Amino acid sequence: MLLRRLPTFAAFAALTALTFAGPSWATDKDVLVIDKAEDPPTADPGVEVSNNGYTLIFPAYERLVKYDGAKTEVIPELAESWTTAPDNLSWTFKLASGHMFDDGSPVDAAAVKYSFDRVKKLAAGPGDMFPTVKDVVIVDPRTVKFELSAPFAPFLSALATSAGSIINPKAQEHAVNGDDAKAWLAEHTAGSGAFKISAWERNQQITLDPNPHYAGKKPAFKQVIFKIVREMSSRRLQLENGDADLIDQVPVDQAEAMKSSAGVVIESNPSLYVIYLYLNNKKAPFDNPKVRQAISYAADYKGLVDGVMQGQAEQMRGAVPDGMWGHDPQGMQYSYDLEKAKQLLADAGVSNLHISFTYSQADSAWEPVGLALQASLAEIGVTMDMKNVADTTKRELVAKGDYDIATGAWTPDFADPFMFMNIWFDPTKMGAPGNRAFYENPKVTDLITQALATVDQKKREQLYIDAQKITNEDAPYVLLFQKNDIFAMRSSVKGYVYNPMLIQVYNIADMSKSE
Amino acid sequence: MSLISTILRRLVLLVFVVAGVAIITFTISHLIPGDPAQLIAGDKASAQTLAHVRQELGLDKPVTQQFVIYVKQLLSGDLGQSLRTRRPVAGDIALFLPATLELGIAALVMAIMIGVPLGVLSAIYKDGPVDQAARVVSVAGISMPVFWFGLALILLFYVKIPILPGSGRITLGIAAPPRITGFFLVDSLVAGDLKAFWSSLYHLVLPAFVLAFANLGIITRQIRASMLDVLQEDYVRTARANGLSRSAVILRHALPNALIPSVTLLGLAFGDLLYGAVLTETIFAWPGMGSYVVSSIQTLDFPAVMGFTIVASLGYVLINLAVDLTYMVLDPQIRELG
């Protein structure tokens with residue numbers, strides 16, 4: 001009986017298959033489908049600190065200033081002009097007219113004040129972008145003044161970050177139990193950007209619709225959909241099949257393999273994302289600069305860039321990466337030189353060294369980096385144990401200084417050498433806050449402190465370059481390489497502009513599709 | 001022992017199981033070095049920010065006190081708030097569990113629908129071609145990694161012969177049915193939305209099959225074995241001697257008896273299915289508990305991990321109870337022996 005019905009069933013199944021295998025949604029010209037590896041934690045500019053969250057925050061909110069296309073300098077966005085007091089303790093912004101939130105209400109000084117007061121009150125990660133903002137004063141509806149307790153040179157650059165997003169004060173109506181609308185803004189947006197979140201199905205997809213009151217040019221897309229697809233192979237198949245227009249988080253080997261796929265374009269751009277090693281400066285023998293230099297000479301930089309990164313990286317030259325001002329193109333680079341390393345260890349009077357390499361799987365480069373270093377060190381008589389731990393455990397061990405050598409990765413939050421120099425080398429930031437090598441050199445401390453209080457960029461640049469000369473010599477970190485940012489998209493997607501400050505942020509308001 | 005007393009005894013046991021699970025998971029998750037505050041506030045957070053976040057989450061309190069707070073919450077039915085998504089854990093579980101259950105049930109139904117006939121045929125035609133084929137399927141099902149098999153099927157039916165979707169629960173552009181049970185198949189039927197129903201059913205095929213395939217072998221082997229036993233029994237021989245047709249003997253007399261030992265297995269298989277769902281969900285971008293738990297573990301989201309473990313242990317105990325009760329109903333002897 002059952003067997004006799006089988007052909008009917010098969011025919012029915014095939015028929016249904018044909019009905020649903022029709023043209024895929026992604027090929028619609030006015031819909032953009034982006035596959036993401038992880039559901040963004042929140043879309044709240046007041047708490048979010050991940051690039052994954054910035055994917056949603058940047059298109060939904062405008063800021064006083066923004067990054068200029070592909071450049072890391074800022075230009076006006078909501079603010080049409082600004083002035084700084086001679087003591088650098090107050091900044092006054094004049095707001096442009098015509099900017100409106102997605103409910104039609106105008107962006108005014110009160111909204112600016114609300115947004116910054118909120119970030120400060122929540123005191124989560126984004127609050128650290130504006131460490132010295134004391135007060136925000138409404139001068140008139142279109143003028144707002146920031147009062148600082150101490151000069152903060154990167155202030156303007158910090159305003160262009162996710163934390164500087166201007167939120168509609170009406171969001172406050174959604175506050176529950178005094179949470180400043182944290183629960184609501186986690187999954188909704190209230191900005192004046194080109195798009196707004198219209199639906200968020202957790203772990204599945206997020207839909208953005210255009211903001212009808214957006215002041216800029218009308219976007220080409222009537223909808224942008226972010227699909228959550230954890231598995232890289234699945235993302236790749238979706239892109240190749242045309243069910244996705246763009247996929248992020250593409251590892252180097254996959255990028256290489258996808259180069260031959262028809263209709264797929266690999267976007268690979270030099271980023272400001274650096275991979276480096278922490279050397280525990282407060283622990284013997286790494287308290288001796290000679291030992292740190294020896295380790296720096298034992299890393300095979302070229303081999304790592306060509307082999308592990310398949311050429312999708314560039315060796316660092318000082319702490320400030322290439323592409324950001326404050327980078328020293330003449331900066332000293334360590335090279336792979338085991339003889340020198342051996343000599344330095346002998347000079348330091350160190351022998352029979354037995355150390356550990358603490359790493360996690362959070363970055364796929366770390367394990368091969370460790371294995372290569374282990375092999376090199378073995379040749380100069382240093383035994384290195386590989387210690388693979390969960391990423392959260394690694395962070396904890398590093399923050400506590402409970403390691404010999406550990407892996408690190410860093411991206412700047414705003415385009416200022418502050419993000420590297422003042423965070424990595426400031427002795428008051430030892431441990432979790434950033435100076436995880438526990439490094440201290442009074443000369444460097446002096447230079448970076450001066451640089452922070454100076455507004456003249458030329459002078460600051462010189463101070464930072466001078467400081468890097470010393471830190472390169474002191475070698476508290478092994479500066480490995482800066483990675484390329486890689487993602488893949490359909491060749492039909494047009495108008496994408498890469499900005500190294502905006503990793504996982506797509507300028508969807510200016511993008512379009514040609515098919 | 002009566003049904004009622006069995007149920008009561010098991011429910012008391014349930015309290016101990018959940019309490020035990022809560023204590024163990026809480027201890028483990030707090031012994032792992034790692035600071036959730038750091039994950040939430042970001043790599044560059046200042047010391048003040050970290051202290052503030054820790055205080056806000058109650059992580060600055062001694063562990064014992066944190067446990068007391070957790071248990072108090074738990075007793076009032078509150079699983080706490082996820083550190084990562086800032087949403088109530090109970091709400092998150094209510095959101096993601098139905099997707100996993102729908103997938104698990106579909107897989108179980110598929111495994112039974114294929115496994116039981118296959119097992120019966122194997123037993124009847126012992127050592128024949130059907131039996132040999134079933135053996136190959138069983139071994140393949142047990143030994144094939146879910147991850148590999150899932151990707152292979154996607155490659156075949158989504159890329160090479162594009163007739164099935166490769167990910168998600170519903171076609172992009174088709175709205176999900178209004179949420180009643182969280183089961184797309186049920187909700188779309190209730191809403192009378194046939195388009196959503198077909199699309200959901202369509203999206204279920206591959207992931208459910210991948211999941212079912214792993215358990216198919218076990219079910220087939222079990223049915224085959226018990227069927228072979230039953231076919232030796234006197235009453236089967238008597239029935240046949242009385243002139244009943246072969247199919248009537250098998251379907252009416254042998255099969256029901258052969259199914260009894262399989263009930264336990266099905267209960268266990270369902271537990272396995274939910275466990276296997278973690279991988280399947282990852283490959284098929286199925287928005288269920290699997291991906292939620294993986295993300296939670298990666299970010300040390302203690303409340304979410306604990307909430308999931310507690311709900312899962314509850315589920316396991318309840319499934320076992322259901323299995324035992326079915327057993328008692330099917331076989332009165334067991335009821336008497338207790």
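Numbering starts at 1 and runs along the chain as it is shown here.
Positions of Cβ are set from backbone N, Cα and C atoms, glycine also.
Quick look at what TrEMBL lists:
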- B:12-32: transmembrane segment (TRANSMEM)
- B:103-124: transmembrane segment (TRANSMEM)
- B:136-159: transmembrane segment (TRANSMEM)
- B:201-219: transmembrane segment (TRANSMEM)
- B:263-286: transmembrane segment (TRANSMEM)
- B:306-330: transmembrane segment (TRANSMEM)
Positions on the same chain near the transmembrane segment (B:201-219), where near means CB under 8 A and six or more residues out: 102-104, 106-108, 110-112, 114-116, 118-119, 137-142, 144, 146, 149-150, 153-154, 157-158, 164-166, 168-171, 185, 262, 265-266, 269, 272-273, 276-277, 280-281, 283-284, 286
Cβ pairs under 8 Å between the transmembrane segment (B:12-32) and the transmembrane segment (B:306-330), at least three: yes
Long-range Cβ neighbours of the transmembrane segment (B:306-330) (under 8 Å; 6 or more residues past either end): 3, 6-7, 10, 13-14, 17-18, 21-22, 25-26, 29, 70, 74, 79-80, 89-90, 92-93, 97, 259-260, 263-264, 266-268, 270-271, 274, 289, 292-293, 296
Beyond the flanks of the transmembrane segment (B:263-286) by 6 or more, those residues with Cβ under 8 Å of it: 99-101, 103-104, 107-108, 111-112, 146-147, 150-151, 154, 166-169, 206-207, 210-212, 214-215, 218-219, 222, 293-294, 312, 315-316, 319-320, 322-323, 326-327, 330
